[in-house]
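Take a look at this one; I'll ask things after.
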Amino acid sequence: MGNCCVSRPSGADKRRRCGSSTAPHTRGGRRVIGAANMRCLSTVSSVSDAARAVMSNEPATVLGNSGSSGNGGVMAAEEMLRRYEIGEELGRGEFGVTRRCRDAVTGERLACKSISKRKLRSSVDVEDVRREVAIMRSLPAHANVVRLREAFEDADAVHLVMEVCEGGELFDRIVARGHYTERAAAAVMRTIMDVVQHCHKNGVMHRDLKPENFLYANASENSPLKVIDFGLSVCFKPGARFNEIVGSPYYMAPEVLKRNYGQEIDIWSAGVILYILLCGVPPFWAETDEGIAQAIIRSHIDFQREPWPKVSDNAKDLVRRMLDPNPYTRLTAQQVLEHPWIQNASAAPNIPLGEAVRSRLKQFTVMNKFKKKALLVVAEYLPTEELDAIRELFNMLDTKKKGHLTLEELRKGLQVIGHNIHDTDVDMLMEAADIDGNGILDCKEFVTVSIHLKKIRSDEHLPKVFSFFDKNGSGYIEIEELKEALSPRGDQKSIDDIFLDVDIDKDGKISYEEFELMMSAGMDWRNASRQYSRAVYNTLSRKIFKEVSLKLDHSGPLVAAGK
């Protein structure tokens with residue numbers, strides 16, 4: 001098995017001290033990238049000047065001298081503007097924005113994903129970007145993997161020029177088709193597993209397989225489906241085990257929560273996608289994050305609800321074997337592809353799975369977009385506050401002036417100065433900012449991560465998020481306002497289904513109370529933040545397993561061993 005890159009060494013010392021601000025790179029009195037006259041390549045963040053000051057002590061570069069021009073950051077960005085014309089925005093995420101892009105010479109249509117450096121709040125975030133670029137550059141070409149053309153960097157962002165996918169998300173396409181069958185699900189799963197096998201053969205573990213990370217290249221009926229995001233991927237060697245909790249909650253394998261896993265987690269995540277493809281809802285669902293984690297650990301699969309009684313035995317057998325809680329008896333990617341249901345996909349039942357499945361898929365997809373948009377409103381548009389107070393708090397707690405705090409020093413210090421912060425919140429802060437897992441927080445990470453978690457975690461922001469959607473200030477979110485916010489260019493018809501569920505009193509509009517209920521149901525909306533999700537599920541993992549280190553017994557299921 002070939003390894004396409006080198007994975008992060010565990011236990012490396014990555015601590016950095018708070019330092020002075022670093023001025024952005026300029027040339028001829030202007031920003032090289034970021035000004036409006038530079039073809040709209042401004043950074044997407046509207047975080048306040050205070051947050052900018054905090055983040056300005058990041059390393060000057062993310063990719064180092066790996067920019068396509070060979071001369072490093074700023075020169076690479078100038079080269080990008082010579083080679084490519086940047087167009088309209090295609091979408092936004094937690095770390096940046098994606099825009100249309102065109103090769104200035106050939107006219108080829110591409111996409112430019114710009115990752116804002118101000119959004120890279122810790123060295124883990126920086127390493128995620130470095131790894132993503134390294135993996136996309138080194139992974140051999142595959143028809144169902146989006147191709148990275150070039151990577152550039154400037155003072156504000158990392159820019160990835162890649163294939164453009166304009167055919168929409170996987171679930172959106174399924175919902176739009178209307179007629180949806182088991183045979184169609186089998187064809188989709190074959191494609192997904194081809195990608196997983198390709199990654200595993202080349203020593204790459206994806207670690208974040210979910211429907212949102214699969215897009216169609218174009219709107220044609222026979223368009224290829226492509227995986228687009230390698231932001232959490234890692235390279236591995238046979239037999240290597242990992243303990244970093246990553247991924248999206250619904251798709252997380254039990255051994256991830258147990259902090260001892262290998263490439264088998266990608267099979268589990270694909271199995272969750274398959275379950276959703278066949279019935280429209282996730283297999284492991286609860287009203288709280290802890291409930292979701294517990295459901296994943298229990299791994300009970302419900303085959304009683306519709307349409308499971310009419311789903312073929314072959315399909316159910318494959319779901320069971322992909323969602324086997326024991327990673328050592330779970331199917332490999334090759335075994336999934338050899339399973340009769342996949343091998344004979346054209347023989348799978350071509351009977352519609354029913355309108356209920358299609359409706360559930362639509363609701364699941366649109367609701368996720370609603371919650372992600374709410375997260376972006378908080379992360380992007382609400383001002384950062386209390387920066388100086390947080391830095392002063394760190395200095396107060398750091399009585400020995402070492403530039404870092406242990407978890408116990410943090411706990412005791414907060415008690416001494418009268419801050420009544422719940423243990424869970426203290427644990428979350430440590431989990432989010434303790435980069436190398438050695439129980440130590442440095443100043444910069446304490447400040448930046450506590451700001452981020454405070455903003456994301458506080459329910460006081462929900463009224464402001466509600467106001468963002470309520471454009472006309474009527475006190476209600478009306479359907480046209482929701483369409484404008486969630487689907488300005490896409491198929492707006494799918495937004496209508498939100499009202500069937502969220503609009504409890506059926507008055508054709510969403511009140512604040514209805515909005516609040518929707519935001520608190522199922523997976524916490526704040527888990528759309530990769531950093532928040534990591535912190536929450538790290539804390540839950542320690543709580544569920546009482547800080548017991550778990551080992552994998554090759555002859556049987558997961559067993560626990562004391563530290």
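Using N, Cα and C of the backbone, Cβ positions are placed for all residues, glycine too.
The region 'Disordered' annotation in Swiss-Prot covers 1-27. Annotation source Swiss-Prot lists N-myristoyl glycine at Gly2, citing sequence analysis. Residues annotated as active site, proton acceptor in Swiss-Prot, with sequence analysis given as evidence: Asp208. Look at Swiss-Prot and you will find 348-378 tagged as region 'Autoinhibitory domain'. What Swiss-Prot lists as domain 'EF-hand 2' is 421-456, and the listing cites sequence analysis. Here Swiss-Prot flags 457-492 as domain 'EF-hand 3', drawing on sequence analysis. The domain 'EF-hand 4' annotation in Swiss-Prot covers 495-525. Look at Swiss-Prot and you will find Asp503, Asp505, Asp507, Lys509, Glu514 tagged as Ca(2+) 3 binding site.
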Judged by the number of other CB atoms within 10 angstroms, which among Asp208, Asp503 is the least packed of the recorded positions?
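If we count Cβ atoms within 10 Å for the recorded positions Asp208, Asp503, the smallest count is at Asp503.
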Roughly how many angstrom lie between the C-alpha atoms of Asp507 (Ca(2+) 3 binding site) and the residue listed as 'active site, proton acceptor'?
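Per the Cα atoms, Asp507 (Ca(2+) 3 binding site) and the residue listed as 'active site, proton acceptor' stand 39 Å apart.
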How many whole Å apart are the CA atoms of the residue listed as 'active site, proton acceptor' and Glu514 (Ca(2+) 3 binding site)?
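So the alpha carbons of the residue listed as 'active site, proton acceptor' and Glu514 (Ca(2+) 3 binding site) sit roughly 31 Å from each other.
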For the binding-site residues listed here (Asp505, Asp507, Glu514), tell me which residue's CB has the most neighbouring CB atoms inside 10 Å.
Glu514
Within 10 Å of the Cβ of Lys509 (Ca(2+) 3 binding site), how many other Cβ atoms can you find? Include all protein chains, please.
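Lys509 (Ca(2+) 3 binding site) is surrounded by 19 other Cβ atoms within 10 Å.
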Take the region 'Autoinhibitory domain' (348-378) and average the pLDDT across it for me.
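Looking only at the region 'Autoinhibitory domain' (348-378), pLDDT averages out to 66.
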